[in-house]
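Trainee: Okay, so TrEMBL annotates it like this:
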type: BINDING; residues: GLY166, ARG167, SER168, VAL236; note: NADP(+) binding site
type: DOMAIN; residues: 6-121; note: domain 'Tetrahydrofolate dehydrogenase/cyclohydrolase catalytic'
type: DOMAIN; residues: 140-291; note: domain 'Tetrahydrofolate dehydrogenase/cyclohydrolase NAD(P)-binding'
Amino acid sequence: MSAKIISGTETAKAIREELTVEVAELKDKHNIVPGLVTILVGEDPASQSYVSAKNKTAKALGIHSEQVTLAADTSNEDLLALVEKYNNDDKINGILVQLPLPKHIDEPKILNAINPDKDVDGFHPVNVGRMVVGEKCFLPCTPHGVLELLTRSGVETSGAEVVVVGRSNIVGKPMVNLMLQKRPAGNSTVTVCHTRTKDMAFHTKRADIIIAAAGVPKMITADMVKDGVVVIDVGVNRIGKTESGKAILAGDVDFDGVKEKAAAITPVPGGVGPMTITMLMKNTVQAAKQAAGLI
Ligand code: L34
């Protein structure tokens, strides 16, 4: 058996088409243009490419988009002042500070400084708390994208054994919380594995759905999964370069091996990555509507 490929590229395209219509309607009916600012500190090539993709996508959808790039040695104070400036800028509905930040930056302090109403990444503790208790909030973009992929490809999550591999604040922890919420795309029985898990394969072999977000290339191999599993691969690992200097990407899942056993699997690239960017757009539109009192 070879798995159905769940295409993030295709799903993201469908959601972006819906958003384009929504953004145009906001403009026509309410004269509202959602606004996003991305802030990048330093010159990490992967972060540069993600941030420029975010701005490009925003513009293509009709979202007002600003991109600020700061030197790697920017001080905490200067970064805080910039966040504060955008907190007070009415044109901007969403503020995104790309992670990881340089080591000398106090990351929690910066994330806490973003106005929760503009926190389109959903990383502010206020939004994290709202998410956990099931209130309206901004869902973090990558887990939000995984939920949309599962829903739109018709994967039954209710009662499913879901194993999340990884416990980061960006993916693993929110993913666990979302999968156990009492609502569609939730209602799962959730297990979380991490670097201290004694026998990872024991858990992954029981899984109906595996969500791999460990940041370790090809760590989930065919012998670790059962027949018919659904695999969502969140990993985007740079494992080398082609002769022309282009990055070679690999997920956290050994795609070629696992696809022979899985019922469905996301590829890397073209899986969760494009969904992350698209859900940021969805959150920015949500922020603009909330700011205008429309929802
Ligand atoms: N603040 N920091 C903040 N918010 C986020 O949501 C992110 N993330 C993660 C890293 N730091 C962040 C992203 O934007 C990861 N991430 C991200 C975004 C997009 C893609 C991958 C990770 C993506 O588009 N991946 C493509 C391949 C792109 C390439 O060639 O490098 C894919 O098809 O998977």
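The backbone N, Cα and C atoms fix where each Cβ goes, glycine too.
A description of the local structural setting of each listed feature is requested, covering burial, neighbours and distances.
Mentor: For GLY166 (NADP(+) binding site), the same-chain residues lying six or more positions away in sequence with a CB closer than 8 A to its CB are GLY172, CYS193, HIS194, ALA212, ALA213, ALA214, GLY215, VAL234, ASP252.
The average pLDDT computed for the domain 'Tetrahydrofolate dehydrogenase/cyclohydrolase NAD(P)-binding' (140-291) is 98.
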Trainee: Can you tell me which of GLY166, ARG167, SER168, VAL236, our binding-site residues, come within under 6 Å of ligand 1 at the Cβ?
Mentor: VAL236
Trainee: To see if you understand the setup: which same-chain residues, six or more apart in sequence, place their Cβ under 8 Å from that of VAL236 (NADP(+) binding site)?
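Mentor: Sequence-distant Cβ neighbours: ALA46, LEU249, GLY251, VAL268, PRO269, VAL272, GLY273.
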